[in-house]
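Following: one structure in structure tokens, then a few remarks.
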Amino acid sequence: MDSKSKIQLFFLTLFLFTLTIANAEALGTYIVQLHPHGTTSSAFTSKLKWHLSFLQQTLSSDEDPSSRLLYSYRSAMDGFAAQLTESELEYLKNLPDVISIRPDTMLQLQTTYSYKFLGLNPARENGWYQSGFGRGTIIGVLDTGVWPESPSFNDQGMPPVPKKWKGICQAGKAFNSSNCNRKLIGARYFTKGHSSVSPFRIPEYLSPRDSSGHGTHTSSTAGGVPVPLASVFGYASGVARGMAPGAHIAVYKVCWFNGCYNSDIMAAMDVAIRDGVDILSLSLGGFSTPLYDDNIAIGSFRAMEHGISVICAAGNNGPTAMSVANEAPWIATIGASTLDRKFPATVRMGNGQMLYGESMYPLNHPMSNGKELELVYLSEGDTESQFCLRGSLPRDKVKGKMVVCDRGVNGRAEKGQVVKEAGGVAMILANTEINLGEDSVDVHVLPATLIGFDEAVTLKDYINSTRRPLARIEFGGTVIGKGRAPAVARFSARGPSYTNPSILKPDVIAPGVNIIAAWPQNLGPTGLPEDSRRVNFSVMSGTSMACPHVSGIAALIRSAHPSWSPAAIKSAIMTTAEVTDHTGRPILDENQAAGVFDMGAGHVNPQRALNPGLVYDIRPDDYIIHLCSLGYTKSEIFSITHRNVSCNAVLKKNRGFSLNYPSFSVIFKDGERRKMFSRRLTNVGSANSIYSVEVMAPEGVKVIVKPKRLAFKQVNQSLTYRVWFISRKRVKRGDGLVTYAEGNLTWLHSKNGSNRVRSPVAVTWKSK
């Protein structure tokens with residue numbers, strides 16, 4: 001080997017050695033869960049010192065352990081988040097009192113009219129008055145922060161801050177303690193998990209101040225005060241109100257431009273429990289995860305034990321089956337529905353044909369209802385142009401024209417900006433087969449409308465049929481009461497639950513499409529950096545918008561019934577939900593009746609939820625028996641509950657146990673023909689109430705309920721019933737088929753027809 005080759009080999013070896021060392025020493029962020037009554041904890045005067053001791057043992061002697069510690073947890077769970085190398089991780093796993101170590105992962109973020117649509121209005125004898133508009137209740141919102149100057153957070157007429165409140169108003173960039181008031185009573189921000197994995201490259205407020213709009217929108221949806229003359233450039237004008245306008249709001253900023261990291265979320269839940277919130281609203285999530293690996297499930301179990309209701313978004317991965325996230329039975333999991341409010345922006349094609357579309361492009365803009373323009377759809381071989389991705393539209397082909405952009409890949413409003421920058425003067429956003437008729441509107445930066453899939457096919461046929469296709473967009477303002485609603489939003493995540501099909505998820509659906517709510521003054525209504533327009537309110541769609549509706553409703557129930565448990569509040573919301581739309585016909589999912597895996601118990605009805613008559617209550621210990629019945633191991637259950645249990649003893653003592661959930665998920669596996677469930681109802685209505693059962697049996701199933709009548713002599717009395725589901729179907733072993741059926745079981749008040757306590761029933765036949 002010549003000297004040149006030897007030198008090359010030497011440097012190659014050195015490079016590989018350096019690379020190996022670098023990889024070995026790369027730091028990752030991990031959440032370390034410890035035994036809450038660990039044998040080593042008594043030697044330390046505080047939890048923080050105990051947590052640091054684990055790093056002291058793990059790191060080399062000359063390194064300060066606090067330099068690696070991100071968070072010390074003591075309420076949502078016992079443990080800490082820290083940065084570790086692979087070798088340190090392996091060492092730490094073997095230390096006493098370490099239960100589990102999970103890598104830090106990232107989750108994603110998932111109005112002037114919705115309160116009226118849900119039957120809430122300021123008239124007397126209304127649910128708002130019965131609940132005092134949610135006064136005295138504290139809603140904790142984990143999101144992207146808040147724009148405190150928004151009129152939705154004005155504290156005029158608000159009661160004093162509750163004495164139990166222990167939270168703070170944390171100062172930071174463009175935010176100080178004076179930004180909090182009697183409405184926005186607390187604000188904190190959490191960056192350590194995010195910045196350890198993904199440094200801040202985009203300018204962002206390192207404070208509770210909202211940089212993206214999402215958190216301001218969700219917070220005001222849950223508890224914003226009345227704001228008269230609210231609108232988005234003239235659309236959806238009216239009084240903007242949150243669901244619980246009298247409730248207090250505490251904001252925990254855990255989400256940044258790159259997403260929301262579990263270590264930050266856990267830190268916020270940890271602090272929120274101690275701060276004294278009554279409701280936790282999390283419009284974020286990921287995919288289905290086993291409960292013992294799900295940080296939100298673990299933190300929310302602790303919150304539930306403290307009497308805090310945890311409300312989470314179901315996710316936006318619909319209409320795919322088994323896409324629902326946040327599946328823990330102690331969480332209220334919320335899907336999204338539509339309103340009967342429309343923003344028509346119709347396409348009139350050159351052949352005279354009309355295509356229905358929707359948009360919130362400013363009505364008062366001189367280009368609204370503009371002249372007829374030439375249409376262009378760049379679909380030949382280049383999918384980037386088809387989707388109007390940045391840099392994909394040739395100026396010579398789109399200048400002065402109306403451009404058709406397929407939906408998908410990049411943001412809806414961003415496509416309009418791309419068209420504008422390329423010289424296009426209008427846009428038609430075309431749904432693909434994935435989106436079908438879904439109509440999430442935007443405040444576009446140029447004249448634009450969104451059309452459904454069928455309309456898109458017609459439009460493209462017209463473009464291909466003529467040498468010079470023409471069209472114009474005709475904007476129709478705001479229309480209320482047209483069309484059937486509510487319906488299930490197409491993007492709303494669906495059941496059955498992947499990790500725990502024995503619990504029917506989502507629990508309910510709530511308004512989540514085209515929701516108008518508060519918006520930061522540093523952003524245009526599209527959220528695009530190029531959008532220089534400024535508004536106090538903007539429109540968003542997602543289960544992120546549905547979640548705070550139910551958070552606010554939970555606050556109303558909590559104010560009216562302060563002694564109720566989180567399970568009782570959730571039961572009230574579920575058993576009073578509607579399964580028919582405002583025309584009295586079944587709620588739709590696209591063109592067919594929605595099923596239990598699409599909408600859970602149905603669509604929220606806050607007025608009825610305040611007076612459910614009966615509730616299915618659940619004690620924390622019941623969830624532990626449920627986890628045993630799922631076959632979770634002792635260590636997995638301990639990770640979630642911090643309870644040492646012997647499942648053999650627990651199940652022996654609770655033979656035939658079924659969780660007292662307000663819905664039924666019946667699973668017949670190979671050869672099984674009969675399932676029995678026991679349920680316990682508590683009377684929260686009036687004394688001397690008698691209820692009779694009414695059953696709509698799922699197809700192929702016989703249902704027997706004993707007793708058929710429940711006579712409650714006093715308030716808060718609990719009575720038990722049993723229900724047997726007997727399969728009339730024979731499932732062949734080995735055919736691998738999974739089939740479903742659904743029905744319902746309802747308890748009717750004998751004298752008071754308004755109390756209908758309804759539970760959906762899902763039946764699944766599985767053959768291996």
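The backbone N, Cα and C atoms fix where each Cβ goes, glycine too.
Here is what TrEMBL records for this protein:
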ACT_SITE  Asp143  active site, charge relay system
ACT_SITE  His214  active site, charge relay system
ACT_SITE  Ser544  active site, charge relay system
DOMAIN    29-110  domain 'Inhibitor I9'
DOMAIN    134-594  domain 'Peptidase S8/S53'
DOMAIN    374-457  domain 'PA'
SIGNAL    1-24  signal peptide
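The distance from the Cα of Ser544 (active site, charge relay system) to the Cα of His214 (active site, charge relay system) comes to 9 Å. Taking the active-site residues Asp143, His214, Ser544 in turn, the residue surrounded by the fewest other Cβ atoms inside 10 Å of its Cβ turns out to be His214. Here His214 (active site, charge relay system) is positioned 7 angstrom away from Asp143 (active site, charge relay system), judged by their C-alpha atoms.
A mean pLDDT of 91 is what the model gives for the domain 'Peptidase S8/S53' (134-594).
Summarised by DSSP class, the composition of the domain 'Inhibitor I9' (29-110) is 26 helix, 27 strand, 29 coil. The domain 'PA' (374-457): residue composition by secondary structure is 23 helix, 19 strand, 42 coil, according to DSSP.
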